[in-house]
Amino acid sequence: MWRLKIAAESGGGSGSSPLLHTGNGFLGRAVWEFDPDAGTPEERAEVARLRRDFTRHRFQRKESQDLLMRMQYAKLGHLQPDLSAVIVEDNQNVTEETILSSLRRALNQYSTLQAHDGHWPGDYSGILFIMPLLIFSMHVTGTLDVVLSLEHKREICRYIYNHQNEDGGWGTQVLGQSTMFGSCLNYATLKLLGEALHNNDALAQGRMWILSHGSATAAPQWAKIWLSVIGVYDWSGNKAIIPELWMVPHFLPIHPARFWCFVRMIYMSMAYLYGKKFVGPITPTILEIREELYNIPYSEIDWKKARDCCAKEDLRYPCSWIQDIVWTYLNKYVDPMFNVWPFNKLREISLRNLMKHIYYEDENTKYIGLCPINKALNMICCWIEDPNSDAFKRHLPRIYDFLWLAEDGMKAQVYDGCQTWETAFIVQAICSTGLVDEFSTTLEKAYGFLKNSQVLHDLPNGKSFYRHRSKGSWTLSTADNGWSVPDCTGETLQALLGLSKISPKLVGDPIKEKSLYDAVDCLLSFSNKDGTFSSYECTRTASWTEILNPSESFRNIVVDYPHVECTSSAIQGLISFTELYPGYRGVEIESCIKNAVMFIENKQQNDGSWYGTWGICFTYGAFFAIRGLIAAGRNYENSQAIRNGCKFLLSKQLSAGGWGEHYSSSEIEVYVDSGSPHAVNTSLAMLALLYSGQIERDPTPLYRAAKQLISMQLETGEFPQQEHVGCFNSSLYFNYPNYRNLYPIWALGEFWHRLVASKD
């Protein structure tokens, strides 16, 4: 059976390596390892049943429930009080006692899912092209059998087959229609893992979907690059990615140092591979894939024509005529020029420069990388430079950081986790309930995790490598990851300051003041000139540089734009800090908050909604916007924005009492009602209304929402896993594993706490 290993435990077994380094004892790291001797016959039979059940219902319920982790944690034998289920009949009203009973059931169960290091592990997945990238990187470097056991491969294949759509194709993500992106990459992955087309109906259907939709020549840009790397698509069929762009003067808006960090880091290694025109080993399997992905013989394909071809299922953001001119010029004139003397010397210099940056990124993220995409790319680049180098070998044990196992199989996470981000919210959720005394042990462990996950140092020579300040910040995941995130820093700061108000006898010693000052200094450094906050760094360039985005799949990826959610989280952290430490950088903080509030108000749409970029979508945006405005001193009476926001939310409440927003809201930028209540959407809307003072105006919508949440609560005390609510670039949807529990707990806790307070 498989076992989940946490923190220092994860340094052994499959993750064991003298090349595996950490800065804080692997805090937050979660690795699945296979133990052939583990488990009783009954436990193994239960795992098999859960897997069969998922496969049987996979087209009706695409989201896994993370049941294998829950099985393991249940076996640990945590003692739980015998709390009976809360049942509210249709003709009954919710009472304070009902809410409190529901809360206790939820928190008692949820506390048992906390890891010993203080965070809550879970399945942070949902994007279907990430595992193929990791498999491709292991294939071309010859390490597939070194890193992955037969059990790994079996579970990865299970996952890919489970998430094949009924039409035979695969989507870009678990949610949504089949695309050439998802289909080509997952088909090739199955082949590389040893699956054969002969007598394999699933592979045959996948191939049929690909061929009937234009073949792999109609794949989008990112897919074409990866297919080129493994040798089943020719590099001449790609839009040029010029390595020399990194050599232009830094002050120019088009220098990649000014791009959003994800695009900068991903295209950095893509540019290296393009400049090298690197192709992995041409094995018999690769030759088979060449035959199976196209309607005509591989040798007869017109690669230049294929360059601009993209299937309609993948063509989300067509190139403009200006972009067409740019890429034609780069492909026809610029790239060929750098392949002949004397300009090829500049290409060699450019490639060496890129490798210098790639090595720096790897070393300063403990070989985790910013994300699994640039990690997989960097790993290949390091192997090309020297297959025997530590720089390459250190990548291998960190692959496990991205693998997660559930009843639907083994999948790749979208990051190395969201440990810090979710733990900060969980702390705030538990504190909102007023039940701190009962769950002080849970809070104490979470407190320790957050305190010990702070980034303590700036990166050496960071400016030369385009990196922002990091000292005092928190990352999305672990300190080892190393990439500072403004909103994660803001929310964690807020959680820590809330805990500092509680007796140390209950939750442990407070964080040091110096650490708080470092956090505030770092937060203020993230502020744009207009007081707004972007996702990772300050906005560094103008929106017109989006003409350099060659991707048909993703929009607005060149610039790190400011966002309502990021801005709200950042200023809430600053506001919480000034309440306790009013004398530290007060003038700067006040100015920042003033400008940030203006930004949030100005981003409100005519119908009273706020667009949420990092979650689904308008309920998510409203929660952060209203919460941020309230923290800054606005209220329902003095803020038209808050009144309009509340009116918008109330207009979307379903007759049953909850809210249900479909993920397509993010794509079309209009609220799309899913028709059924979603626990997370309901909780976010409920919290926004609570913060605005809805309980004093008319508590009826809140009682209806609370009744809906309680009716959704499972027998275990948890809330159901429903449609994914994480979003990236308005086009990729994935799962935040703890949202399903933390937000309902927060909403019910805040409601109960305010009901009690209103009667005192």
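Positions of Cβ are set from backbone N, Cα and C atoms, glycine also.
Non-local contacts of D487 (active site, proton donor) by the CB criterion (under 8 A, 6+ apart in sequence, same chain) comprise F533, S535, E565, C566, S568, S569, A570. Residues annotated as active site, proton donor in Swiss-Prot: D487.
Residues in the repeat 'PFTB 1' (153-194) partition by DSSP class (helix H, G, I; strand E, B; coil) as 23 helix, 6 strand, 13 coil. Annotated repeat 'PFTB 1' per Swiss-Prot: 153-194, in sequence order.
Feature annotation from Swiss-Prot assigns repeat 'PFTB 2' to 642-688.
Residues annotated as transmembrane segment in Swiss-Prot, with sequence analysis given as evidence: 612-632.
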Take the repeat 'PFTB 2' (642-688) and average the pLDDT across it for me.
97
Counting by DSSP secondary structure, give me helix, strand and coil numbers for the repeat 'PFTB 2' (642-688).
24 helix, 2 strand, 21 coil
